[in-house]
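Here's the structure we're looking at; comments come further down.
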Amino acid sequence: MAIRNLLTRKTLATSPLGMLGFRSLKTFSLPDLPYDYGALEPAISGEIMQLHHQKHHQTYITNYNKALEQLDDAMSKGDASTVVKLQSAIKFNGGGHVNHSIFWKNLAPIREGGGEPPKGSLGWAIDNNFGSLETLIQKMNAEGAALQGSGWVWLGVDKELKHLVVESTGNQDPLVTKGPSLIPLLGIDVWEHAYYLQYKNVKPDYLKNIWKVMNWKYASDVYDKECPES
C-alpha cells in the first residue's frame, strides 16, 4: 500500500539455529488520511472520522502488532499451542487494519471528485454485470442493511474470471476470505462505530449518503490494474 509510515522494521535476534542470524519482524503504523477529518461532511461527520481513524483503526494496529510479536516469540520457542491461539487475534486485528486502510481510500471529499460516477472500463463492467450503477448501489445497500451484527459490504473483482462481485464479510474479515482471487474495489464499513454517532440506528441512511463521497477513481484505478485488458 502506498501509505506513508505503513511499515516500520524491528530486527530481532533469532535462535542460534537460525541460518541468517537475524530476521525482520514487520510492524504496522496508522496511515495518514488523504483529507481532513471534516472533509467528508455532511455525509460523514468529522467527529466520526476522527474517532474511527484515531481510536478504532489505531486499536486494530496496536493489537495486531502485539499479536505478531507474541507469535514471533512463540515460534522462536516452538510453542505450537500459543501459535494456534494467536490466529484469531491476528485475523481479526490484521483484517481490521487491511480493511480500514482500503476504506479511507474509498472515500473522497465532493470537491475532490467524491461521488462522481465511475467511467471507463469499470463503468462498463458495472453496467455489464449489474445492469446499471443504480442497481449496484441498491444491491450493496440491501446487503449492508441486512447484515446482522458487524461487518463489511464489498464490491470486488475476481481477477481470474474478470467478473465483478458483491460480497459481505463478518467482523473484520477481508474480502479475500470469500475467495483467493477476489480483489476489493470498494468496501463499506457497516460496524456501528462507522455511523452511529451521526445516524443513530438508521443504518440505511448512512448507506445512502456514503455514496455521495465514494471515490470511484480509486476503484477504477484498482480495476484497471487487475483487469488491464478489459
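The backbone N, Cα and C atoms fix where each Cβ goes, and this holds for glycine too.
Automatic, uncurated: that is what TrEMBL annotation is.
Computed from a predicted structure; not experimentally measured.
Copied over from TrEMBL, here are the features:
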| type | residues | note |
| --- | --- | --- |
| BINDING | H52, H100, D189, H193 | Mn(2+) binding site |
| DOMAIN | 27-108 | domain 'Manganese/iron superoxide dismutase N-terminal' |
| DOMAIN | 118-220 | domain 'Manganese/iron superoxide dismutase C-terminal' |
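Known features from TrEMBL, placed on the structure.
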residue	record	CB count, 10 Å
H52	Mn(2+) binding site	23
H100	Mn(2+) binding site	24
D189	Mn(2+) binding site	24
H193	Mn(2+) binding site	13
Practice problem: Using DSSP, break the domain 'Manganese/iron superoxide dismutase N-terminal' (27-108) down into helix, strand and coil residues and give each count. | Solution: 61 helix, 3 strand, 18 coil
Quiz item: Per-residue pLDDT averaged over the domain 'Manganese/iron superoxide dismutase N-terminal' (27-108) comes to what?
Solution: 97
